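Visitor: First, the structure itself, so that you have it in front of you.
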């Protein structure tokens with residue numbers, strides 16, 4: 001494997017992101033993906049078990065860090081030109097036979113877990129400053145093998161390199177620090193991701209057994225230290241954030257750890273309203289409506305492994321000859337399996353697989369609107385989030401050159417401007433229906449308009465109307481895409497921010513189609 005190198009004397013936000021991309025590529029190649037997110041290899045041969053990367057300080061002091069490819073932890077390191085190497089207390093035995101074998105191998109008196117490193121450093125991650133200068137000092141401290149400073153220095157390096165490789169949110173936090181030459185303290189948003197990577201990976205893998213639902217809730221935080229309880233893959237802070245997963249299990253092998261048989265949650269959609277059994281009526285044929293989200297029992301939906309979705313003891317059902325295009329609840333035993341079977345797509349479309357071209361729809365964005373089955377046009381009126389956290393996710397959307405999407409021209413247009421913390425025009429609300437709304441005025445939606453640039457639709461801001469040119473999906477490849485089969489991606493026109501044009505374009509994965517939700 002070719003090593004990834006980061007030389008701080010030449011580093012900027014761009015070279016840092018290239019370095020992180022290189023690490024991800026090496027660890028995530030030749031493996032399978034779930035929802036587009038690579039799962040780390042496991043059961044590797046000894047010769048393929050470790051990956052080396054080189055970090056060089058501004059003073060030209062280099063260290064080689066050895067990473068366990070199976071679980072992405074630091075195992076050992078060697079200062080350049082030294083006959084000494086240093087292994088974590090919990091390094092696997094095979095590491096000593098494989099790594100730095102021509103050196104004197106020292107064993108450190110702490111292991112590579114955050115808990116052990118924090119204890120040895122006598123502090124916590126949230127008090128340790130991250131940024132270019134702290135990384136420079138950390139590399140230098142490891143190069144000089146100063147025992148008192150090693151735990152602290154590892155906490156800096158592990159977060160800025162390994163944790164950033166796992167999560168786009170952490171990578172972007174570090175990229176900002178390179179761009180602005182400012183340091184930052186890891187907040188709960190960062191620490192909650194770091195502490196939950198293994199659990200998030202397990203739940204993503206388990207979710208394939210039950211419509212994208214997790215077997216248990218993962219507690220994450222946003223940058224305002226507000227709790228976001230995530231219980232499915234249908235959140236951009238999961239799907240478009242996790243860059244690598246730790247291998248736990250494969251559902252196809254019948255592994256219990258990875259099996260979710262039932263899960264009860266809410267379904268939110270248009271204008272962040274919830275799917276509700278009207279009046280909590282339990283009689284067969286009771287209709288489904290949109291209603292303000294609450295904790296009432298008639299908004300609780302239990303997903304079963306047989307494809308049924310149930311509330312109040314009855315099955316979510318559709319049958320043209322019985323109910324017209326209405327969606328109702330009905331006694332599960334009295335209907336054919338094809339009337340009560342449902343699929344949820346990654347993009348948030350809910351369909352009955354036996355009615356291939358129809359999708360669950362809310363034709364109006366008002367409370368008590370009847371839910372119906374309509375021809376699937378991938379419109380925002382057909383976008384849903386299966387999950388208990390129903391509020392919009394608020395954040396900035398970071399694109400080319402670490403610049404932020406900004407609502408401009410009196411909230412009628414949008415393009416990239418330099419990111420400014422807490423600037424209202426750069427704050428967006430991501431709704432359950434797939435709309436991206438101006439946080440300041442949530443009647444306004446990011447829209448692929450009819451005006452064109454170079455034959456491609458220009459993306460502007462218009463009143464929300466539930467149409468298919470206002471629905472977006474944040475994907476694992478870093479794109480913000482339309483949800484239909486003819487997928488198009490949000491694109492900075494010609495990679496030129498000065499054109500002030502954001503357009504729809506065929507997906508190609510270049511930097512001008514890469515976006516990070518900074519929430």
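Each residue, glycine too, has its Cβ placed from N, Cα and C.
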Visitor: From the set 196, 370, which residue is assigned the annotation N-linked glycosylation site by Swiss-Prot?
Guide: 370
Visitor: Using Cβ-Cβ distances, find the residues under 8 Å from residue 332 (disulfide bond) that belong to the same chain and are at least 6 apart in sequence, listing them in sequence order.
Guide: 308, 310, 314, 315, 340
Visitor: Tell me which residues of the chain lie with their Cβ under 8 angstroms from that of residue 492 (carbohydrate binding site), as long as they are six or more apart in sequence?
Guide: 399, 400, 416, 501, 502, 512, 513
Visitor: How many of the residues that make up the repeat '2-alpha' (401-438) does DSSP mark as helix, as strand and as coil?
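Guide: Final tally across the stretch: 5 helix, 18 strand, 15 coil.
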Visitor: Distance check, please: Cα of residue 276 (carbohydrate binding site) against Cα of residue 293 (disulfide bond), rounded to an integer number of angstrom.
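Guide: The Cα atom of residue 276 (carbohydrate binding site) is 8 Å away from the Cα atom of residue 293 (disulfide bond).
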Visitor: Taking the Cβ of residue 419 (disulfide bond) as the centre, how many other Cβ atoms fall within a 10 Å radius?
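Guide: A 10 Å sphere around the Cβ of residue 419 (disulfide bond) contains 22 other Cβ atoms.
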Visitor: Output the one of 298, 370 that, of all these recorded positions, has the highest number of other Cβ atoms within 10 Å of its Cβ.
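Guide: Sorting the candidates by Cβ neighbours within 10 Å, the top entry is 298.
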Visitor: Here are some binding-site residues: 505, 508. Which one has the most Cβ atoms within 10 Å of its Cβ?
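Guide: Per the Cβ count within 10 Å, the most buried is 505.
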Visitor: Around residue 274 (disulfide bond), how many other C-beta atoms are within 10 angstroms of its C-beta?
Guide: 24
